[in-house]
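Asker: I am attaching a structure below and will ask some questions about it afterwards.
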Amino acid sequence: MDIQTIGVVGAGQMGNGIAHVMALAGYEVLLTDVSQDALDAAMEIMHRNLDRQVSREKISQGDMDDALGRIGTTLKLTDLGRTDLVIEAATERETVKQAIFEDLLPHLKPDTILTSNTSSISITRLASRTDRPEKFMGFHFMNPVPVMQLVELIRGIATDTETYDACLKVVDNLGKTAASAEDFPGFIVNRILMPMINEAVYTLYEGVGNVRSIDQSMKLGANHPMGPLELADFIGLDTCLAIMNVLHDGLADTKYRPCPLLTKYVEAGWLGRKTGRGFYDYRGDTPVPTR
Ligand SMILES: CC(=O)CC(=O)SCCNC(=O)CCNC(=O)[C@H](O)C(C)(C)COP(=O)(O)OP(=O)(O)OC[C@H]1O[C@@H](n2cnc3c(N)ncnc32)[C@H](O)[C@@H]1OP(=O)(O)O
Ligand SMILES: NC(=O)C1=CN([C@@H]2O[C@H](COP(=O)(O)OP(=O)(O)OC[C@H]3O[C@@H](n4cnc5c(N)ncnc54)[C@H](OP(=O)(O)O)[C@@H]3O)[C@@H](O)[C@H]2O)C=CC1
């Protein structure tokens, strides 16, 4: 199947990144969210990120203008029914994702491919609630989307080869690299990364180190580009907790128990960068550790 138009559901940090790279690669993009504010903010962020790519001579001003011209926004989810490929990138909650696919179904073209950018939730289970489990799969970008090279492609139990190949072609057209993962909780990246982040929170919780010493240790001692707590704030602590809960429930092993301190930060609404406060406080000029 030849994909030309792409619908993106959710205009948060992942949704705007996905719209950005798709438009730059020549796809027509229709982006939707539940609020106009989120759509306006996403357009502003894409503008800023594209501008930076122009000033660093990665793309031309013409590339940027063309890309922005290919991105449309709508508050009506059902408008995405006419696209060839839908990538759902809404909040990491199964009920939210299920409701989105249920609302979309009656409006879809028969051959539209449905995908989710979920970090951890079962592709097979999401697919089983739709009318096209064979045309459903996981399309998992990494954050920040314009920078990270990898896309995990996850087949559900029923995903057919044509659907997988069509998504693989899109990844190729983006100039990114696909890694194929089986449909188990957290797939590959988050099965490995998220327990490391959760362990860093335990290290903080047990007083082994403070925020600064833990991040410094992993940056300078293991050459990670960001410390684990800085990375957790970057991903979003609500997303980190949701992923740990999926690993814990889905694999039924206590080694995936979310750290109570992570739960406490989420309960406080301290979700990291996106809310201005997490393991660091971002409201001033430079991030200040909160512990
Ligand atoms: C949770 C999941 O389901 C899966 C996941 O995504 S897990 C998270 C995976 N992501 C990571 O692990 C990210 C780890 N961090 C990094 O790799 C780096 O810190 C980083 C790439 C984010 C920033 O790198 P840096 O060297 O500190 O900063 P900087 O030099 O300013 O930026 C490097 C490039 O990224 C770009 N960039 C940085 N942040 C960006 C953002 N949020 N959006 C778009 N572009 C961004 C910069 O413009 C710069 O581009 P050029 O190379 O074209 O000049
Ligand atoms: N953050 C990361 O590093 C990564 C995240 N992911 C996955 O991508 C998805 C999105 O994450 P991320 O972008 O970080 O999250 P964000 O919180 O930044 O964005 C989610 C967006 O979805 C919106 N939304 C919620 N419900 C609906 C709905 N019913 N219809 C349309 N939009 C909706 C939210 O609106 P509102 O705020 O109003 O609720 C918000 O704007 C998640 O599944 C996450 O696991 C994948 C890779 C990396």
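From the backbone N, Cα and C atoms, a Cβ is placed for every residue, glycine too.
Quick paste from TrEMBL:
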- 5-183: domain '3-hydroxyacyl-CoA dehydrogenase NAD binding' (DOMAIN)
- GLY10, ALA11, GLY12, GLN13, MET14, GLY15, ASP33, GLU92, LYS97, SER119, ASN143, LYS274: NAD(+) binding site (BINDING)
- HIS140: site 'Important for catalytic activity' (SITE)
- 186-282: domain '3-hydroxyacyl-CoA dehydrogenase C-terminal' (DOMAIN)
Asker: Specify the count of other C-beta atoms within 10 Å of the C-beta of ASP33 (NAD(+) binding site).
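Answerer: For ASP33 (NAD(+) binding site), the 10 Å Cβ neighbour count is 24.
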Asker: Report, as a single number, how many Cβ atoms besides its own are within 10 Å of the Cβ of HIS140 (site 'Important for catalytic activity').
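Answerer: The answer is 27.
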Asker: Output, ordered by sequence, the same-chain residues six or more apart from MET14 (NAD(+) binding site) with a CB under 8 Å from its CB, or 'none'.
Answerer: ALA89, ASN117, PHE141, ASN143, VAL145
Asker: Measuring Cα to Cα, tell me the gap between GLY10 (NAD(+) binding site) and HIS140 (site 'Important for catalytic activity') in whole angstrom.
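Answerer: With distance taken Cα to Cα, HIS140 (site 'Important for catalytic activity') is 14 Å from GLY10 (NAD(+) binding site).
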Asker: Let's see if you can do this one: DSSP helix, strand and coil counts over the domain '3-hydroxyacyl-CoA dehydrogenase C-terminal' (186-282), in that order.
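Answerer: Counts, helix then strand then coil: 66 helix, 4 strand, 27 coil.
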Asker: Going by a 10 angstroms cut-off between Cβ atoms, which of the binding-site residues GLY10, GLY12 has the sparsest surroundings?
Answerer: GLY12
Asker: Tell me, how many other CB atoms lie within 10 A of the CB of ASN143 (NAD(+) binding site), whichever protein chain they belong to?
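Answerer: A 10 Å sphere around the Cβ of ASN143 (NAD(+) binding site) contains 16 other Cβ atoms.
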Asker: Could you list the residues of the same chain, at least six apart in sequence, whose Cβ is under 8 A from the Cβ of LYS97 (NAD(+) binding site)?
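Answerer: Once residues fewer than 6 apart are set aside, LYS97 (NAD(+) binding site) is near GLU88, ALA90, SER116, THR118, ILE121, LEU126.
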Asker: Mean pLDDT, the domain '3-hydroxyacyl-CoA dehydrogenase C-terminal' (186-282)?
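Answerer: Over the domain '3-hydroxyacyl-CoA dehydrogenase C-terminal' (186-282), the predicted model scores a mean pLDDT of 98.
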Asker: Whole-number Å distance between the CA of ASP33 (NAD(+) binding site) and the CA of HIS140 (site 'Important for catalytic activity')?
Answerer: 19
Asker: Please report the distance from the Cα of HIS140 (site 'Important for catalytic activity') to the Cα of GLY12 (NAD(+) binding site), rounded to the nearest angstrom.
Answerer: 15
